[in-house]
Structure formats: C-alpha cells, structure tokens
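Novice: The structure's right below; bear with me while I get my questions together.
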Amino acid sequence: MHSALPHYREFLGLDKEARRRIRVHQEQAITRRHKINTIVWNCILELGEECDCGGPEECTNPCCDPKTCTLIGESKCAQGECCENCKLKSAGSVCRPSVEECDLTDVCDGQSAWCPADKFRQNGSPCKNNQSYCYMGKCPTMHDQCVAEWGEDAEVAKIHCFTLNTKGFQYGYCSKNATNFIPCTRKDMECGKLFCTGGNKLPKTGNAASIRSCKTSFHPSLKTGIVETGTKCGNEEVCSNSTCLGVSEAYSFDPDCSKKCKGNAVCNNEQECQCEEGWASPDCDKPLIP
C-alpha cells in the first residue's frame, strides 16, 4: 500500500493528457492478458480454433488436443449435434426432433458438425385437421388455451360469451391502455378475451371472473386471458394482436410455396422446401437409410 503511494502521487502530478494515455495503455495491457488467458481453454469455440475442450487438466474430449485447440489425428469434429465419435454424422441424421405438428425435424447436412437453425412450417399452414393454422412452430387453438388455463376438463365457451368483448370492460375487451378497456368490433370479438367453461375453479394465471356460463381470467396489471396470436378466428382467418385478419394478410405467406416442393417436402418458415422426417434431400423422394 505505502510503496504504491509515491507512484500514485507522481501519477496525479501529470497533466490530463498524460494520465489519459497511461489509462489507455493499462486497459490495452489488461485486454491483451485477457485474450492470452481466454483464447484457449475456455470451452468456447473461437476464431482460429478447431475445437476447445478446456485446459489439459479438465479436457475429456478424445477428438480435441487441449494444448493447441486442434483436432486429433483423423478427427473431423469434436463437438456439435452432428458430431459423433469424432466423425460427422451422415446427411439426413436427425439432430433436432420436431416437438409438434407445426415444427419440422432438423437434420444434419453431412458437412457441418452443428445442427442447422431450428425450422418450422410456414406460418399460415393448416394444422390439427384444419382447426387452426401454424404460427411460429405451434398450432394454437382456443381449446388448448382453455385447457392450459383451466385444466383438462375445460372447453371453449359458446360464441355468445365472446360478444362480451364488444363491451369494453375489465372482463371483455380486445386491448387496453393505462385508463381504458378498448372493445372489440364484432369481426374481432374472438380475438379478445378468451372465454371457457368447465375445468378448475381458478385459472393458472390471474383471477377468475364468471359471467353466466362464461368464465375468463384477469389481472389488474398483466395482459392475461387474451386469445393468442395465430389462433383461428374464421375461415382462412387468424388472430393477430387481437385483430381477426386473413391468413395472407397476417403473415408473409406464399400459398404456392408448397406446390414448388418436390416429393415429401414442405415449405418452412424461410419459404424453402424442407424434407419431412425420414426422407432424403435434395428431392425428398427417397427414404433415408438408417
């Protein structure tokens, strides 16, 4: 502490520009030391590294040399969803299974150790036997939303319940601001508050409100109990931010995309043809050989 004091006084005696240059030099030195210490052995694959499994004492990866962060021998990879036993998995190997109908199974391309970006069916694709349309990899329905909020025995309420959304009050509206509940038009009333029957006495979120046979959930500050974006509200119509719009208007939807896809392929969210699970690219007309 005391040995550093003369140096500190000397530092204070310098002009402002000299002190600034010293600070910049110190910051650069710290940055260089940080890079030297972290460019390898941090378990993060960085520019110039073929692999990174941590330091020699912690590395257990048989494909990677921890001292040089390079692949060992004939290894083609060391990590990634499409890497197995230091070799790239064959093209078509599943690396990310689909989780539901609107999600797509993602497969290895045989060139990279990493699974491609998560893809799903094009927004607006019919799903659940035309009960709804795909939206961001899911197939939202009012029934599923009622079950999620009120339990397995819950059902969607009759249409007369949704007319409450045209009233514009705490238990029936399409949107709200700091002071008002904004009513739905009749066209949009199935995109406002969600009304259900049956199920549990209390909702999963918020508080319960019952008006005759119609029940919904509400919260004084949170936006809860609203029909989800992407839910079907009519023939070829979906809810989009509490407004009922045509599918082609709500989404950047190419109705002809799937027609361009060959074999067992579907149009994904990037409007590209993607093979369904079990079929090989490029034409998706040949089954994958396990």
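Heads up, the Cβ atoms here are built off N, Cα and C, so glycines get one too.
So TrEMBL lists the following for this protein:
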type     : residues      : note
DISULFID : Cys95-Cys115  : disulfide bond
DISULFID : Cys257-Cys267 : disulfide bond
DISULFID : Cys275-Cys284 : disulfide bond
DOMAIN   : 37-123        : domain 'Disintegrin'
DOMAIN   : 253-285       : domain 'EGF-like'
Novice: Which of these disulfide-bonded residues is closest to Cys284 (disulfide bond) if you go by CA atoms: Cys95, Cys115, Cys257, Cys267?
Specialist: Cys267
Novice: What does DSSP give as the helix, strand and coil breakdown of the domain 'EGF-like' (253-285)?
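Specialist: DSSP classes over the domain 'EGF-like' (253-285) add up to 4 helix, 9 strand, 20 coil.
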Novice: Rounded to the nearest angstrom, how far is the Cα of Cys275 (disulfide bond) from the Cα of Cys267 (disulfide bond)?
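Specialist: Cys275 (disulfide bond) has its Cα 9 Å from the Cα of Cys267 (disulfide bond).
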Novice: Would you find the one among the disulfide-bonded residues Cys267, Cys284 whose Cβ has the most company, meaning other Cβ atoms within 10 Å?
Specialist: Cys267
Novice: On the three-state reduction of DSSP, what should I expect for Cys115 (disulfide bond)?
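Specialist: Assignment for Cys115 (disulfide bond) reads coil.
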Novice: For Cys257 (disulfide bond), which residues in the same chain are close in space, meaning a Cβ under 8 Å from its Cβ, but six or more apart along the sequence?
Specialist: Gln122, Cys267, Gln271, Cys273
Novice: When you tally the Cβ atoms that lie within 10 Å of each candidate's Cβ, which of the disulfide-bonded residues (Cys95, Cys115, Cys275) has the highest tally?
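Specialist: Output for this query is Cys275.
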Novice: In the domain 'Disintegrin' (37-123), how many residues does DSSP put in helix, strand and coil?
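Specialist: Helix, strand, coil within the domain 'Disintegrin' (37-123): 2 helix, 16 strand, 69 coil.
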